[in-house]
Amino acid sequence: MTTPATTDPALIRNFCIIAHIDHGKSTLADRMLEVTGLVEGRHMRAQYLDRMDIERERGITIKAQNVRLPWTPRSGAHTGTEYVLDMIDTPGHVDFTYEVSRSLAACEGAVLLVDAAQGIEAQTLANLYLALENDLTIIPVLNKIDLPAAQPERYAEEIAHIIGCEPGDVLRVSGKTGVGVPELLDLIVDRIPAPTGEAAGPARAMIFDSVYDIYRGVITYVRVVDGRISARDKIKMMSTGATHELLEIGVISPEPKPVESLGVGEVGYFITGVKDVRQSRVGDTVTLQHKPAAESIGGYRDPKPMVYSGLYPIDGSEYPLLREALDKLLLNDAALTYEPETSAALGFGFRVGFLGLLHLEIVRERLEREAGISLISTAPNVVYRVVMEDGTEITVTNPSDWPEGKISAIYEPIVNATIIAPSDYTGAIMELCQGRRGQLGGMDYLSESRVELRYVLPLGEIIFDFFDALKSRTRGYASLDYSEGGEQESKLVKVDILLQGEAVDAFSAIVHKDKAYSYGVMMAGKLRELIPRQQFEVPIQAAVGSRVIARETVRAIRKDVLAKCYGGDITRKRKLLEKQKEGKKRMKMVGRVEVPQEAFVAALSTNESTASKK
Amino acid sequence: MNTVLPLLPAPGLPAGAPGPDALPDSAREHLATTPFGLYVHVPFCATRCGYCDFNTYTSDELGPGANRAEYAGTAIAELRRAARTLGPDLPTVSTVFVGGGTPTLLPAADLAAVLGEIRRLFPVADDVEVTTEANPETVDRGYLSVLREAGFTRVSLGMQSAAEHVLAVLDRRHTPGRAVEAAHEARAAGFEHVNLDLIYGTPGETDADWAASLDAVLSGPVDHVSAYALIVEEGTRLARRIRNGELPMPDDDVLADRYEQADATLRGAGFDWYEVSNWATSDAARCRHNELYWANANWWGVGPGAHSHVGGLRWWNVKHPAAYADRLTAGVSPAQDAELLDDADRALETIMLGLRLREGLPLELLSDVGRRRAADSVARGLLDPAAHAAGRAVLTDRGRLLADAVVRDLTD
């Protein structure tokens with residue numbers, strides 16, 4: 001058995017798996033654990049490496065995982081020698097592109113895993129390009145060849161066309177049955193280069209993930225590039241200069257195993273006792289205090305929220321609980337930002353910044369599930385840069401902060417989006433993107449029947465319901481990826497929604513001026529359905545500034561009385577009254593208008609679950 | 001034991017808990033000075049109407065003591081328990097109401113026997129009001145005469161509508177003209193007080209249908225009209241048909257229109273409202289038993305599923321007639337459960353019930369907040385300004401249709 005810390009870099013292979021969300025990455029990883037003998041069949045559980053419940057339920061990987069596998073090839077040039085394979089499982093979603101790029105940077109090679117019944121998808125393609133930029137060796141693999149719908153010939157050709165190899169070079173495996181998995185492991189040893197680094201130089205290791213554990217504090221996952229980090233060393237974070245004592249250093253195989261030290265090319269973890277993942281940031285370089293490296297590995301950047309939303313407890317008394325839960329989440333999520341915010345309609349809550357919509361969904365779900373708080377989230381919005389005529393500049397992360405005075409220019413973030421779909425849907429996709437103010441950047445045929453479209457789109461246009469619309473127009477066949485593309489100047493306005501003349505802050509939205517009318521009509525119509533009739537007429541208006549652009553009316557209620565008395569069953573009548581009074585208490589007052597919480601929830605819901613993003 | 005239905009005995013009240021067998025002193029306190037009524041439930045119907053969720057059964061094979069033929073005897077057994085419980089200083093019975101179900105499915109002699117037993121067991125007021133509900137198709141002149149001679153003073157006939165297609169949706173089996181005919185028969189049998197019950201807002205009912213129903217009622221010799229909005233109760237066949245899209249859900253605005261139409265028509269014919277759903281030609285024509293409920297007075301409900309209230313103690317009997325009969329046969333109380341109201345419950349109920357009456361309620365029964373809300377309600381046109389100035393909360397015409405909302409406001 002190759003011992004950590006004394007392993008010759010020449011015997012190490014670091015690789016990751018690039019795959020679309022349900023193309024079988026976790027299942028393949030499960031088989032690798034079995035084939036290498038690391039986990040016996042009877043101890044096996046599905047998606048062994050996914051730690052969070054949400055990950056298992058949704059079949060997605062949110063946090064990077066890694067595992068050290070011993071493998072003695074049975075074929076190829078290295079037959080009979082034991083190697084160490086470090087597999088780094090990357091997050092699988094567009095929100096976490098930066099994390100993916102760091103995971104890739106920790107490897108020398110990547111397995112490009114494609115579902116033999118589906119073909120390559122947009123995010124996979126984007127991650128493949130990331131891997132190529134990082135000079136990774138790519139091993140193309142078709143998975144799920146056991147499926148009756150598998151078309152390995154067709155998709156092998158597609159992959160060959162994209163990466164420039166022969167269709168015959170594309171390995172065929174089944175993560176489900178295990179067919180081809182040993183051959184794949186052999187190929188990884190054969191093809192992927194061994195890591196290289198200055199064994200005698202100052203220690204440098206790159207953080208590719210860090211997680212918070214309630215018992216142990218922050219666990220930081222690193223790949224050692226140069227030198228050696230030992231259990232007795234004092235380490236130094238190069239971005240901040242902070243130093244920490246090491247409490248433990250080890251490898252995952254597949255459970256954490258403490259070791260003496262980690263050398264060049266090795267992947268492992270360390271624990272310092274810090275309690276907040278912000279002190280162990282993904283992408284940062286770790287060195288030693290007594291003999292620090294002069295330069296970091298590079299590529300580090302601060303996570304930047306792209307999408308903001310107001311989170312409010314449905315029960316206002318749970319506000320302190322929400323704060324506590326956010327504080328706790330923060331320990332494990334370096335990308336999360338939040339600050340208190342007050343809404344006239346929703347009460348006390350937080351303005352929370354996220355990497356993207358999935359990130360928002362996950363945070364929301366964890367708050368609801370782990371802390372048991374029911375939440376309302378306001379419509380998500382992006383960050384706008386507003387330049388006033390007097391030259392002052394305002395950053396708007398909340399429609400409520402939209403400035404009143406004369407505006408000279410407004411800038412909104414844009415993204416470079418890639419959409420892959422069967423070519424039959426090209427027209428439908430173009431129509432959708434044009435409707436979302438998209439500009440076509442280019443178009444390529446991946447094969448005769450599949451096309452890749454590149455668009456520049458305002459981020460604000462795709463965070464609401466774009467993905468759902470895309471899926472429904474392409475019968476679920478399209479996949480989407482996007483990356484930040486800077487900003488553009490746009491004609492944007494704030495649309496307010498007024499109940500009985502009073503603006504409801506929670507419903508205000510920033511939209512393009514050509515869309516203000518349709519947003520106003522949609523929201524006013526939705527609210528007319530959702531707001532119960534009151535003892536008086538309630539006008540609902542949508543307005544841009546002082547100009548009303550849409551109007552609906554909730555007519556006054558005329559009947560609210562139970563005709564009969566249930567034959568002396570006064571108890572039933574009183575219980576009904578008490579229930580109605582409870583319901584009344586849960587109403588939010590907007591001026592004189594009673595608005596049920598459910599109306600806020602329903603009006604603000606996007607009818608879209610980003611969980612369905614595939 | 002009942003061998004016909006595989007029923008588990010209903011659990012009943014825990015020993016010693018407040019209930020009809022253990023009336024707390026607080027409940028007895030005002031027994032002599034509070035109006036007292038008896039309700040007798042008859043849990044049988046020839047068929048189950050599609051809108052009805054009352055405790056009634058169409059089978060005549062319910063088990064010993066629970067069959068129609070034996071039922072009067074079973075009810076009498078509970079009346080005897082009532083007299084034993086409330087005695088020795090029994091309250092004077094001011095009203096008796098026999099309801100259902102369809103009480104007139106029992107032989108008239110059985111109803112007479114029940115009333116006879118009440119007179120034997122309790123002191124009965126000289127001007128006692130004795131009502132029975134009746135389905136028009138189940139009575140005739142002879143039947144009604146027997147009741148009148150036995151001491152019944154009032155008949156309440158379930159007419160519901162004069163439109164054939166509306167009766168069909170409600171699964172009522174009488175023909176449109178039959179209810180008014182039965183009212184004439186009751187009058188001829190010597191009944192001074194005759195009520196017709198109407199239901200409005202049935203799917204398919206038009207304004208014209210409703211006008212015709214009101215006209216038909218007014219053509220009859222009646223001094224009292226009850227008009228109830230159709231309530232779609234969960235678990236009924238009507239609810240199922242609406243859910244399946246076979247019938248439309250009654251619209252609240254239509255119900256409001258119908259109510260206003262009824263109030264205007266009845267008022268024009270000399271009927272005044274005295275409770276949200278009840279109109280009478282004079283004070284003497286009001287249903288005093290009904291008023292007892294709204295005034296939160298005392299009554300003992302006899303029969304399966306019947307509810308009782310004595311001085312802040314409410315209880316209700318087991319629902320199934322067989323379980324009910326078994327318990328009486330075994331010599332135990334048929335009460336299934338009870339609740340002893342606290343001051344807050346009673347205050348809430350007083351407002352909830354009293355506001356529905358034409359007399360309304362004194363403002364001093366309201367909390368400080370409630371009194372402020374009452375002033376708001378006057379401003380909104382839901383409470384009468386003159387009555388308010390005189391210290392009472394009385395619903396306006398519009399307020400009657402929003403009575404539950406006003407109650408919620410006043411009990412804030």
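Any Cβ shown, glycine's included, is placed from N, Cα and C.
Taken straight from TrEMBL:
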| type | residues | note |
| --- | --- | --- |
| BINDING | A:Asp22, A:His23, A:Gly24, A:Lys25, A:Ser26, A:Thr27, A:Asn143, A:Lys144, A:Ile145, A:Asp146 | GTP binding site |
| DOMAIN | A:10-196 | domain 'Tr-type G' |
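Distribution of TrEMBL features across the structure.
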| residue | record | Cβ neighbours (10 Å) |
| --- | --- | --- |
| A:Asp22 | GTP binding site | 17 |
| A:Gly24 | GTP binding site | 25 |
| A:Ser26 | GTP binding site | 24 |
| A:Asn143 | GTP binding site | 30 |
| A:Ile145 | GTP binding site | 21 |
For GTP, with binding residues A:Asp22, A:His23, A:Gly24, A:Lys25, A:Ser26, A:Thr27, A:Asn143, A:Lys144, A:Ile145, A:Asp146 per the record, max Cα distance (Å, no decimals) returned as 17
A:Ser26 (GTP binding site) falls, by DSSP collapsed to helix, strand or coil, into helix
Mean per-residue pLDDT in the domain 'Tr-type G' (A:10-196) works out to 85
According to DSSP, A:Ile145 (GTP binding site) sits in coil
